[in-house]
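For reference, the structure is listed below as structure tokens.
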Amino acid sequence: MTLTIPTSSPLHLLPPKNNEAPPLKSSYYNPPPNIVDYTNNPTVFGQILRGELPCRTYHESTNLLAFQDKYPKAPLHALIIPKQYLPTINSLSRLNLELIKEMQSMSLALIQEQQPEAYATGDYITCFHVPPFNSVDHLHMHVLAPISEMGFLGRMKYWCGMRWCVSGEDVLGRVEEGLGANPFVC
């Protein structure tokens, strides 16, 4: 049996690997907000948003896309990206407060849907990597659950409060207070 990836929509699901179950929700395409032009996004996430690369989509809203990380470090390892190109958490200001709230809300809904036990016990992480430790220069929140099933090195990479990683809650709190999202920038 041959699986073909549909190209009628800019966003589409990858076929499941081996016997892996696909995400619970399939994607449907929402056009980008009026202020967004995907052609100005030079990153791999720009290619995903333009439909040039496939992804396994969990959720999508007008402003955000949540999809499976290419190299998952936990049973649930999603990335939530804004459709608007913002390079890193250093780009965030109080003007982005609603976007950050939406990212945090989507992350918690995703954990509750995909890993309900981890959600109930707080066995999860939502975080952003801090430049120069980010892998893609397009703002993205990592959503990992359950963290108790992650290996030591995986936990180190997503250890919030270290120089390289800030929790989603901390970013939201700092921006709400009018501070920069990155606590490591003077």
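Glycine is no exception: its Cβ is also placed from the backbone N, Cα and C atoms.
Listed in TrEMBL for this protein:
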COMPBIAS  1-10  compositional bias 'Polar residues'
REGION    1-24  region 'Disordered'
DOMAIN    44-158  domain 'HIT'
MOTIF     138-142  motif 'Histidine triad motif'
ACT_SITE  His140  active site, tele-AMP-histidine intermediate
How many other Cβ atoms sit within 10 Å of the Cβ of His140 (active site, tele-AMP-histidine intermediate)?
26
Let's see if you can do this one: DSSP helix, strand and coil counts over the domain 'HIT' (44-158), in that order.
45 helix, 26 strand, 44 coil
